[in-house]
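Structure record follows, encoded as structure tokens.
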Amino acid sequence: AECKTTIDSTDQMSFNTKAIEIDKACKTFTVELTHSGSLPKNVMGHNLVISKQADMQPIATDGLSAGIDKNYLKEGDTRVIAHTKVIGAGEKDSLTIDVSKLNAAEKYGFFCSFPGHISMMKGTVTLK
């Protein structure tokens, strides 16, 4: 099983995929986030946050006031399953999930919590 994937983010406020598929055979799963744009992180920064789909917008809303130094995530937010830091052009960061903590019956998703980005930068996370 391929237990990792790389997702690129751009200056056009987009990820290069709308879906992450995780093989149930994986013990852990790693997502590397890259940024192929040219803008710095304070202008067009992106992170990748994984949570239950129902929690995505509330996490992003609560994270607005946290600021860029806290990656636009509320400190100690237990709804966040995993997240990268906010990166800018040419940077990369990764996250690793314990696959055993995911429930096949639950709907998961990924998104960018940078202010205003979730509307365009989100997708599904599926166990298969």
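Each Cβ is built from the backbone N, Cα and C atoms, and glycine gets one as well.
Keep in mind that what you see is a predicted model, and the values were worked out from it rather than measured.
According to Swiss-Prot, Cys112, His117, Met121 bind Cu cation; the candidate from His46, His83 that the record adds to this site is His46.
Each of Ser9, Met13, Phe15, Asn47, Leu48, Phe111, Ser113, Phe114, Ile118, Met120 belongs to the same chain as His46, Cys112, His117, Met121, is absent from that list, and has a C-beta within 8 angstroms of the C-beta centroid marking the Cu cation site. Here the binding-site residues are His46, His117; the one with the fewest Cβ atoms within 10 Å of its Cβ is His117. Each of the recorded positions Cys3, Cys26, Cys112, Met121 was ranked by the number of other C-beta atoms within 10 Å, and first place falls to Cys112.
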